[in-house]
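Novice: First the structure, which I've put down as structure tokens, then a few questions once you've had a look.
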Amino acid sequence: MPAWLTNRTIYFLCFLAIAGLMGFAFYLQYVKDLEPCPLCMAQRIAFVLAGLVFLAAALHNPKNTGTTVYAFLGWVTTLGGAALATRQLWLQSLPADQVPACGPGLEYMLEAFPFSEVLTMMLTGTGECAEVQWTFLGLSIPGWTLVAFIGFTAVWAFAWVRRPR
């Protein structure tokens, strides 16, 4: 392993990768006019939280116990995001007659419903979450986000195993 490839460098590179993923998400939304569904928005939140944990770890450069704490927080955010992506992939695999009904837009939900109901609707997904709007190499957007979340989870495992003792 090169000497320059410290945990701090890895954390910062992961933060930059997540910033790039968020930039690509906004590109798909605002340039390609792909409207994100509630589960997509929840996955974005998970990416932002994971990115903030990576940034905090890069700035703090934790040692033994600190690395364990950051790894735990990182695992919570990345595994939570992976669960959301898996849920959306499951919705996309349903036959058309089993897809849940489409719900209102997120802005309307935030204005009209209590936050607990909005959160439930975001995490369970609606009919628009089952729509495949874009693919690359045979994987839809939630497929690629699942790959990214698994990769970031592995980075936290690597950092935890490699932590200074």
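Heads up, the Cβ atoms here are built off N, Cα and C, so glycines get one too.
Swiss-Prot lists these features:
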- C37-C40: disulfide bond (DISULFID)
- C102-C129: disulfide bond (DISULFID)
- 1-10: topological domain 'Cytoplasmic' (TOPO_DOM)
- 28-45: topological domain 'Periplasmic' (TOPO_DOM)
- 63-68: topological domain 'Cytoplasmic' (TOPO_DOM)
- 87-143: topological domain 'Periplasmic' (TOPO_DOM)
- 11-27: transmembrane segment (TRANSMEM)
- 46-62: transmembrane segment (TRANSMEM)
- 69-86: transmembrane segment (TRANSMEM)
- 144-162: transmembrane segment (TRANSMEM)
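I'm curious about the neighbourhood of these features; can you describe it?
Specialist: Of all Cβ atoms in the protein chains displayed, 26 besides its own lie within 10 Å of the Cβ of C40 (disulfide bond).
This prediction places the mean pLDDT of the topological domain 'Periplasmic' (28-45) at 90.
For the transmembrane segment (46-62), the list of distant contacts is 7-8, 11-12, 14-15, 18-19, 21-22, 25, 69-70, 73-74, 77-78, 80-81, 84, 145, 148-149, 152, 159, 163: same-chain residues at least six beyond its ends, Cβ to Cβ under 8 Å.
A Cβ distance under 8 Å defines the sequence-distant neighbours of the transmembrane segment (144-162), meaning residues of its chain 6+ beyond its ends; these are 7, 10-11, 14, 17-18, 21, 43, 46-47, 50, 54, 57, 67-68, 70-71, 74-75, 78-79, 81-82, 85-86, 89, 136.
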Novice: Across the topological domain 'Periplasmic' (87-143), what are the DSSP residue counts per state (helix, strand, coil)?
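Specialist: Counting residues per DSSP class in the topological domain 'Periplasmic' (87-143), I get 34 helix, 4 strand, 19 coil.
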Novice: What does DSSP give as the helix, strand and coil breakdown of the topological domain 'Periplasmic' (28-45)?
Specialist: 11 helix, 0 strand, 7 coil
Novice: Taking the Cβ of C102 (disulfide bond) as the centre, how many other Cβ atoms fall within a 10 Å radius?
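Specialist: A count of 13.
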